[in-house]
Amino acid sequence: MHLLPALAGVLATLVLAQPCEGTDPASPGAVETSVLRDCIAEAKLLVDAAYNWTQKSIKQRLRSGSASPMDLLSYFKQPVAATRTVVRAADYMHVALGLLEEKLQPQRSGPFNVTDVLTEPQLRLLSQASGCALRDQAERCSDKYRTITGRCNNKRRPLLGASNQALARWLPAEYEDGLSLPFGWTPSRRRNGFLLPLVRAVSNQIVRFPNERLTSDRGRALMFMQWGQFIDHDLDFSPESPARVAFTAGVDCERTCAQLPPCFPIKIPPNDPRIKNQRDCIPFFRSAPSCPQNKNRVRNQINALTSFVDASMVYGSEVSLSLRLRNRTNYLGLLAINQRFQDNGRALLPFDNLHDDPCLLTNRSARIPCFLAGDTRSTETPKLAAMHTLFMREHNRLATELRRLNPRWNGDKLYNEARKIMGAMVQIITYRDFLPLVLGKARARRTLGHYRGYCSNVDPRVANVFTLAFRFGHTMLQPFMFRLDSQYRASAPNSHVPLSSAFFASWRIVYEGGIDPILRGLMATPAKLNRQDAMLVDELRDRLFRQVRRIGLDLAALNMQRSRDHGLPGYNAWRRFCGLSQPRNLAQLSRVLKNQDLARKFLNLYGTPDNIDIWIGAIAEPLLPGARVGPLLACLFENQFRRARDGDRFWWQKRGVFTKRQRKALSRISLSRIICDNTGITTVSRDIFRANIYPRGFVNCSRIPRLNLSAWRGT
């Protein structure tokens, strides 16, 4: 193992000082408070050292051009600002408890819960010293506008649904040790009587397919997939641990494939079709933990975003970011725009001011940095950046029009009213246009169709399982980014860019035609159809971020490893939660999947349907009529989106949020109109999420209804 010099020094100091030592307590089972204080102090040293080394290491690799695919991914998965503070506090607490448990273990005859031996004052000390202490008390909350952080949406529980809080658990977590270690951590450890397969083996045997088997979806456009990613980035983001080295060993996990917290590498199975060295691995780092509450030490993860459908991907989920995104040079309520480049006279997103920018790696001669938007992942692909650019422009268009109607409004009023309208737009497009095509129109009408009003007892938080389940959209990605000219033709020499050459390529927007060709490609190109024998294209399964190193990542394997990292129960537990049958053998699983060969592959790998990882099990189910998901995903999505609506005090249909005239005006908005109003595109898809081959299904912008803002005059 490679012990890093800087961390080695810290560890040596800790050993010499003999931390976490103290006088044996007088009463059996008790812990001296001085021992607890020593463990907290040691934990802070270890965590801070790991954080600092990792940050310097990633920046050095980016600066030198030796960054790996995981470095690129990690850069955008790193917690920042207030999220980083919350994550650091959780790591302090988890590491301190681990150190204390290690010290007390020789005095115990078997496994024990270390928090059970701490007194209430000691638990409070641990919570306060680590920074985990939270106050969720009633406070005065505005009835007019949302907060940026989502705080105060629920007046009785102001933190419910706010950013930087723990994800909801709809089922108890399942960890190998009952507390934190993911299943698969110990190779010999069985789950429900069977050894778990390596996630890369599952990817190879079930997800992998030859390119000639790829089928385009005759019913859905690529814009359908893209909206799914855009709305997902409105709802959830579970950052990874900021450490890339083991907390207690100082080992660089990417260089050694060491399995030490927070490192959980993806091992390579025999006869892997791409990675020939079985001792190699795909680096993987655990999601940052949330702070344990009370005596519950079972690991959970945080959501860095607000849980509401509120356009936070445009405005941010932290106050500091929201202020950076605003144009502070005037009082017009506008969002900031790029000061160096334009897109045919229209605004582009501002550049982020990263000291060592990963987007520069994708084209060193272009020297175009990453964009700055409300979500840190905005530059992941040009398609996603195009959506962020579109909605930044729409905010500024709304603010400008509102100022024309209300010249006495100040900048904050213009900003807040435009943001409020934007939130309603995202809600309407998602629930009226997108979800019926996900769930099937009849089912969506039955389960999500009628809004009965706000209920303060509804928990709107994003569920841990949703963060994995909503990755169903990965199965709809085509292997190329398509860009079309004004006649919807692929006429340019670079009109079809492989996905593996598009990640973090902000330069392609600046120097290769802006966002219009990308949006046309999303409207006029069909999505990939998810089939049981063709799930995920190799651009994502074998070449993810390959442009900077030989070993690209495997998105399917990452998804399954993440579900184990998060302690998510297996396939049958979630079917039971949804009131669905739980197959026990080959015959029953074959009936559920309507595919005996696939059922046999699953059982050969997992031994029992109980163990099938939620992501792969859910996307393998046959699609419901008119839907793009099977029954399990439909259940999970209905549950989550119903909670996000009914538990939102600022939902657009709630009486008092908008006037009756304003609600009527908002009901006419569409994503097609937003494109018409903010680009040079004059012919758009009328039903934008459905597959339309130009010119069929396309109309002139003059035929798309406009949003009439007269209802906002003088309000």
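Each Cβ is built from the backbone N, Cα and C atoms, and glycine gets one as well.
Swiss-Prot names T306, F308, D310, S312 for binding Ca(2+). Of D217, D232, D234, D236, the residue it gives for the same site is D234.
Between C263 and the candidates C253, C281, Swiss-Prot annotates a single disulfide bond, the one to C253. Note on Y145, Y415, Y488: Swiss-Prot annotates 3'-nitrotyrosine at Y488; no matching annotation appears for the rest, which is not proof of its absence.
In Swiss-Prot, the cysteine linked to C370 by a disulfide bond, out of C291, C359, is C359.
In the disulfide annotation of Swiss-Prot, C141 is paired with C152 out of the candidates C132, C152.
Candidates N52, H233, C263, T306, S312, C578 (recorded positions) were compared with C152 (disulfide bond); none lies inside 10 Å Cα-Cα. Counting Cβ atoms from all protein chains shown, D310 (Ca(2+) binding site) has 30 others lying within 10 Å of its own Cβ.
For C253 (disulfide bond), the same-chain residues 6+ apart in sequence whose C-beta sits under 8 angstroms from its C-beta are R244, V245, A246, Q259, L260, C263, P265, P283, F285. The record gives D234, T306, F308, D310, S312 for Ca(2+). Within 8 Å of the mean position of their Cβ atoms, the other Cβ atoms in that chain belong to R146, G150, L235, L305, S307, V309, A311, M313, S317, G423. Checking the binding-site residues (D234, T306, F308, D310, S312) against R377 (site 'Transition state stabilizer') with a 10 Å Cα-Cα cut-off leaves nothing. Taking the Cβ of N113 (N-linked glycosylation site) as centre and 10 Å as the limit, one finds 15 other Cβ atoms among all the protein chains shown.
With the fewest other C-beta atoms within 10 Å around its C-beta, C141 stands out among the disulfide-bonded residues C141, C152, C635, C676. Put simply, C676 (disulfide bond) is 24 Å from N327 (N-linked glycosylation site) when counted between their Cα atoms.
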